[in-house]
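Here's the structure we're looking at; comments come further down.
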Amino acid sequence: DEAVRGTCEDASVCKRFAVSVGYWNDPYIQYFVRQAKERKAPEINRGKLGRAWGHLSCYYARVHGVSHLIKAFLEKTQCNCQIVNLGAGMDTLFWRLKDENLLPRKYFEVDFPMIVARKIHNIRSKPPLSKPIMESHSGDSLLIDSHSLDSSRYSIVGADLRFSSDLEEKLKKHSLDTHLPTLLVAECVLVYMTPQQSANLLRWAASTFPVAMVINYEQVNMRDRFGQIMIENLQRRQCNLAGVELCSSLDSQRERLLGTGWENARAIDMMKVYSFLPQADVKRIEALEFLDEKELFEQLMQHYCICWASKDSSNL
């Protein structure tokens, strides 16, 4: 668990650096994460190469791809919905959605209690973070202490995602509404759980919400040599990808979603996502830093994917 928690810091530092270079705009990440002392290689920012080829993420494409799906869900529901961000870490999506006037009825974040405590400390001590929460809050029931935050529009819950009954109990204490259309977001989360644990979580979500969507960003094509190198490097750092067998192909990613009660499922690798992005913006970010290892970049992108699934009794 300690090694998994360490990936939160690793990811946050790389995001902060990519933002500082100009890959995308995020005025809030600076309040959660220190600036990286060393310069990151371009493939780290576009296809993040961290922990010595271990934990790879295609950040620019990931941020835009996941954001596109989230905004599509918000548009379909006209923001009359809730979002549950699983393993949210130092994510800043709540504040960015508020700036765009796209807040759902309620936004939940879930992570290890230790990470939650750190995030709440930052929120309490930094007015640019706490003020938007106060502005969006209505009523008297705002709760904030060292380990929990619950306002009318935003809650942070400390819980272990491997135990879905405990998760449900804590979310309901923070006013989770199982009748609202619900979007669950999991970015590099399920792979750290055993196949049975992630199946339990996905099955719980599919059976709990009549109208729901799940977005999962994680590894794919992990049975080839490049994938094995990724796994070996993480293992050297005592970081075990307990669910990696489900990351063997795009088909295995889709099948895990369909097999846990979701009606429709799709999966595409990050190279495909990159090709879908607005070409003017792609040219802009490619001009930010010279990237000479295009083959490495493409390999990184082919070893991550975005999957999404839905169940829709309301025909949205």
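Cβ coordinates come from backbone N, Cα and C, glycine included.
So that you can see what the record holds, here are the features copied from TrEMBL:
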BINDING   R62, G87, D160, L161, E187  S-adenosyl-L-methionine binding site
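Within 10 Å of the C-beta of D160 (S-adenosyl-L-methionine binding site) there are 16 other C-beta atoms, taking all protein chains into account. If you compare every pair of Cα atoms in R62, G87, D160, L161, E187, the residues listed for S-adenosyl-L-methionine, the longest distance is 24 angstrom. All protein chains shown were included, and the count of other CB atoms within 10 Å of the CB of E187 (S-adenosyl-L-methionine binding site) stands at 21. Over all protein chains present, the Cβ of L161 (S-adenosyl-L-methionine binding site) has 21 other Cβ atoms lying within 10 Å. In the structure as shown, the Cβ atom of R62 (S-adenosyl-L-methionine binding site) sits within 10 Å of 23 other Cβ atoms.
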